[in-house]
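Structure record follows, encoded as C-alpha cells.
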Amino acid sequence: MRLILLSSLLLLGIFLANGDEVDPDGKVLNSLIYGVMHLQREFANLKGAFLTVHRARSFGSGSERLYVTNKEIKNFEALRQICEQAEGHIPSPQLENQNKAFANVLERHGKEAYLVVGDSANFTNWAAGEPNKAAGTCVKADTHGSWHSASCDDNLLVVCEFYFIL
C-alpha cells in the first residue's frame, strides 16, 4: 500500500514538473491527485481496522503481545522455524500480563509450550525447584503459566508470539 502511495506521489511530482508538456488539459494530473487521495483514505481505513483488531485481540489479556497456536505439536527447533516463517517469535513473556496471555492459550488447549527467557529478564515465573538444568536446556510453560526446564527434543504445542510497534 505504501509502495503504491509513494509511486503515485512520484508520478504526481513528474507531472507537476512537466505539466503543460505532458498533460495540457490537466486530466491526468487531476486523476493522479484523486488516486493519491483515495489511497490515503484506504491506508487510513486499513490502519484503523488493523488497530481495532489488534486492540480487540489483546483486550482480554491486557497484553500488547499476541500468542497464537497452529495446534501443531513440535520440538524446539521446528517451533523456531515455524515462528520465523510466520514472522513471529518464540514466546518470551517479559511481564506478568504477557505470561498470563500466553498461559491462557496453553490452558485452552490443555498443553505445554516452549518459551525463551532472556538473560536480563526482569520477570520470571519459575515453578518451585526450577530452573533445573538436569531436565534440559530449554524452557516450557505449563497450563498455569509456570516455567520448567525441559529437553529441546520434547514435542510441545506450537505457539508463536507477535507484537506490533506503530
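From the backbone N, Cα and C atoms, a Cβ is placed for every residue, glycine too.
Look at Swiss-Prot and you will find 1-19 tagged as signal peptide.
According to Swiss-Prot, the feature domain 'C-type lectin' maps to 46-161, an assignment based on sequence analysis.
With a 10 A radius on its CB, Cys83 (disulfide bond) counts 21 other CB atoms from all the protein chains. Taken from Swiss-Prot, the feature disulfide bond applies to Cys83-Cys160 (among others), supported by similarity to another entry.
In the shown protein chains, 7 other C-beta atoms lie within 10 A of the C-beta of Asn122 (N-linked glycosylation site). What Swiss-Prot records for Asn122 is N-linked glycosylation site.
Within 10 Å of the C-beta of Cys138 (disulfide bond) we count 22 further C-beta atoms, all protein chains included. Taken from Swiss-Prot, the feature disulfide bond applies to Cys138-Cys152 (among others), supported by similarity to another entry.
If you take the Cα of Cys160 (disulfide bond) and the Cα of Cys138 (disulfide bond), they are about 16 angstrom apart, rounded to a whole number.
Cα to Cα, Asn122 (N-linked glycosylation site) and Cys83 (disulfide bond) are separated by 24 Å.
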